[in-house]
Amino acid sequence: MAQESPKNSAAEIPVTSNGQLEDSHEHSFNRDLKRSLPVGLGLSETKITSHGFDGTKEGVVETETFAGSSASPKSSVISPSSAAASRLAGQGCDLIIPTGGRSQQKSGPVVLADEVKNPAMEKLELVRKWSLNTYKCTRQIISEKLGRGSRTVDLELEAQIDILRDNKKKYENILRLAQMLSTQLFQMVHTQRQLGDAFADLSLKSLELHEEFGYNADTQKLLAKNGETLLGAINFFIASVNTLVNKTIEDTLLTVKQYESARIEYDAYRTDLEELNLGPRDANTLPKIEQSQQLFQVHKEKYDKMRNDVSIKLKFLEENKVKVLHNQLVLFHNAIAAYFAGNQKQLEQTLKQFHIKLKTPGADAPSWLEEQ
């Protein structure tokens, strides 16, 4: 029997009884693919699924074994950019897209987990809100300075704040003068101490003027001692007034600044709401009006809270200021009067009354043993 010529599978075109093609394009492609696969795989059917692909992801070709075969199902990874992937797309085949580095071999839609919020987007949103708020506040400030915008004023609270700022300037002036007096008194005490030492030295070396130099030495040393006592009282007065001015009052003024910022924001969003209410009301403007109403309410609550905080702090500050300044002014008066009256006992009693301890000259210096 003559050997049959080998048949070209690409040339076979099976037809039906009515002359139409027997298989669709998809079946023809699958048959060609099965013949091109290695025989060792033992495949009877190749199933290709797709749930859409793009040029940057890989597809998976699912394969099934012959019935009764012990070989486990395998999958071959193909690149969508290859010619086979292009034919898969053209045939409308299903392709499984691996997610998370693992291929999904189940048919059906692939469900991806919600993406984690991008920190950069959150920061961008915060910057956008800050820029919008800054723009509104700047516009409100400019409008107020030009006399075009309206502002919310609490007359009683504003008057108290003005008095506080004026008093702070006056207390700072008193503090500056007291520090100047302390510096000058320290120099005078230092000079009196040196002068007393010089008189004492001459009293020992000049026998004919021993008593006279001795009297002057004792007087200068006594004045220096009383001056040190007065210096301690003045420094205590300076420390107390400095705490009142640069800490207590400054803390209250910081709250006042926060209150003024909240007032500007409140007026800015109030102006926006009033402008929107004056305009037309339609489907586009109603959501904007509702959002503006919410923002206005938020800043109104913040403004009311800051106004209440300022009122409370001003009340406590006034009570504390009266108590502190009363004690310090009595101390300053009694110490100055006793010093210039030469009443050493009264001067020392004044310091004991206010629990002021004087530092002994040279007490802070280390001993020779500590220096070694």
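From the backbone N, Cα and C atoms, a Cβ is placed for every residue, glycine too.
Because the structure is a prediction, the values reported are computed rather than measured.
Check TrEMBL against the ranges 1-33, 34-66 and you find region 'Disordered' recorded for 1-33. Your range for coiled coil, going by TrEMBL and the list 97-128, 161-192, 193-224, 289-320, is 289-320. Restricting the average to the domain 'AH' (152-352) gives a pLDDT of 90.
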